[in-house]
């Protein structure tokens, strides 16, 4: 994006979020900033010229030099000013609005101005937290409430809002039995004889019951009234929920189940005897025996198995070398020749035995663990056997002493030490008991078979055993023609072109032949494949054994040689009528019936049996899925049940159709789904009715309108999902929240237009005006003569006194006093500040003092003029006024939203403006042609035939013109004012100028800011400050008001500029003049004014 576009976008975003200076809560202040400008100055240079002289050698022409000046330009810094908008004190910025800030939250109202709350009806106090107490109501809480039994009194109407459980006009009556709650509208739900509290509806349960509705028994561990009594039962005993009597669990007895069953008994009520032996103890609850050490079993009847001892026989004996272990203690009883706690110590050293340990052991040392120290018997290592441990385990045995039998199967080898199996080819598994899975063979079944066409694979070597009809190593080759059977070793014996099956050698005869080898022709009267068809010829000499074509006798024709007789006739001379029914035809010879498809019987009077159809009822029906029975007896078509279609009645009716053959159209509306069987509708959430055309009743939603809406304040809810559609003035998920402050209406989408601190109704947006204001938006003050809330109170002020529109306070006219200004008063300035006479009237009463002051002022002006003339002469001597004449040049382009200076040029008047460094007086001089005019509130100076242009009318009543450099000369200044007041702010920021001619029009600069306003109903009138000596002294009022700006003519000692600023509607709080053409400041460079 181009930089200019980025800048424009940033500016527009700032403008969109900026404060509106028109907002009454927006204040502004000026701030300075420096900009680089180009300014002109007089640059000296040496100019050579020629003149006539007496130099005869140069033909009377001499060269001369002189210092001349030309206009040059240089860059300099200039201080400029811009206005920054910000929220006034007591307000904070929220988006592009200034919102009032209340230190204390308005509890029942809204903040309308700093620390000022507008309370809702019935509330008061600084933070709207104080309402009428419970005993009073009405205006000023002056009426006493009549409500009883803790009822609330409406602070506005005094109506009693009964507490739950009471009724009546004054809430003096309790709810009727069986009812409770607010307005006694709720029915009690208590069970088991419980009573209901009329206030809360709380059930007062009978002893032994609890729960919200007393529907539950007391929880375990409690009983009695309110289930407050703790059960004394111990060890899991349960008490009666009413009496508290204990029912003990098995194994416990006593009043509180604190005593276990006596020894030798157990179970419920300790009624069972213990069955334990050998001193075993019985568990008093379950009866399980806890055996003593050395015994085990359900009844402790078994001694610990060999090699174990101790409690539950859980410990392993540690006796070696054949030592026996005590089943109770685990102590070892050693064999002769061994000693020690575990019998692990030999009496003879290793390798010796016999008396005196003198005989060497005869065992094979590599395969022997040890030899017996007494007998010298060898103890072999696992996998070895024999007297001297020199023989490996025999086949089928392994381990210590070769005592363990091998478990390997199917010819597998067993490892003599570990007993692990090495399987033969074709088997797998830990003991080689699992044959190879189909398709695998070899050691560990690791190879994959390659047999095809159902051939079986040998699990040993993978060789293929082919099925009948196949041959080859992988059974992929079919038997050659003429052979069949296993390995294709059999020869076919089929004749007459019959095909031989390669699997079993059976012959598939061609039509007209039969027999095992197809060597026999079809018998007379038959034909076709396997001679299964019978010839149907009348008056024929048989039929073709292959095709079945009839060989008719002479005189007969037709497919069956029966076309002689007409239809329906048979017998001699076709004299007998056929009796066949249902479209059957009869034989012309004997009248036998040939039934039409779908019928059977001698006269074709019966339909096909269920499950068959067609000619001769020979064709089986297809499998009809959802039908009324088998297929149609003629066509074989399935007769579908309502809701199904398709050749097999296995298709559900398409959407929108139902009934028999799916011929009926569904009538379900609003996305309801239709049953394909009977057309009944299953409605979409939000709809009910036979055809789903009825919306859910108000207050219900969802499927079958089952759910109840939770919306409040008159909101409607969506019949589909229960979403609330709030009425105007409400928001939130269930429409329980009022619109936020300053918003109202549908979806809180309207902004309140109330002014002057008025409150806005959150539903209608109607303004409730503060005291002293009226109008639709409370934009109007009370009309003269009225005041107060709604401007309904009449002022009681007398003698032309002014009435305050808010409080009704009277401001008396001169000469009166009192609350209603009905008392006469002395005309003295010191007595009444509201009746102080104007400065003009004081001047008339003290004319002598005024004349004296004027004489002194004129003398002072003469002295000042002399000083300025002397200073100006010195400046001319230094050559400061040699810069060429400079015309006004706008520093930037004016836009339709800014003000412009029209016909801005230099005046031909001789009047000059200057500034005095000592007395800070702004003055303009010229020949005196009119009387002096004091620029104050009562004596405005008028502008003659001039106006200030503004291109558009939509502007605010405040505008500023800043004189930021020295005084300047402006003529032909024209201003067209809108209907509002127009303010011009003059600021002097330059160095002092020198007077040019006598006669001054001065402004005192002890306050450097002056505001001139104009009532725009009148245009400016003529008044030229060029002939008289008029001054503005603002020491008495630093913001003296000038009804019309005067015409000022000036001579500028240096480059100056004029700044005109239009109000900002929605601009940035910092409006920078040199930035964009839409800026609200215009800067004009002002050149040196000439006389």
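Indices start at 1 and increase along the chain as displayed.
Glycine is no exception: its Cβ is also placed from the backbone N, Cα and C atoms.
Just one residue in 444, 530, 573 has N-linked glycosylation site written against it in Swiss-Prot, and it is 530. For the annotation N-linked glycosylation site, the record in Swiss-Prot points to 269 among the listed residues 269, 945, 1033. Among the residue ranges 785-805, 806-826, 827-847, 848-868, the one that Swiss-Prot annotates as transmembrane segment is 848-868. Looking only at the disulfide-bonded residues 464, 692, 821, the one with its C-alpha closest to residue 171 (disulfide bond) is 692. Cα spacing between residue 432 (disulfide bond) and residue 821 (disulfide bond): 130 Å, rounded to the nearest whole number.
Sequence-distant neighbours of the domain 'EGF-like 12' (658-693) (same chain, 6+ residues past either end, Cβ-Cβ under 8 Å): 640-645, 652, 701-705, 718-721.
The two recorded residues residue 812 (disulfide bond) and residue 735 (disulfide bond) have their Cα atoms spaced 54 Å from each other. With respect to their backbone Cα atoms, residue 649 (disulfide bond) and residue 593 (disulfide bond) stand 34 Å from each other. Annotation for residue 640 (disulfide bond): same-chain Cβ neighbours under 8 Å, separated by at least 6 residues, are 624, 626, 627, 628, 646, 649, 660, 661. Model confidence over the domain 'EGF-like 5' (266-301) is summarised by a mean pLDDT of 89.
Applying an 8 A CB threshold to same-chain residues 6+ apart, the list for residue 810 (disulfide bond) reads 795, 796, 797, 798, 801, 802, 803, 804, 818, 819, 820, 821. Ranked by Cβ neighbours within 10 A across all protein chains shown, the disulfide-bonded residues 214, 754, 812 are led by 754.
When the disulfide-bonded residues 205, 214, 423, 451, 735 are ranked by how far their Cα is from the Cα of residue 88 (disulfide bond), 735 comes first. The two recorded residues, residue 692 (disulfide bond) and residue 451 (disulfide bond), have Cα atoms 66 Å apart.
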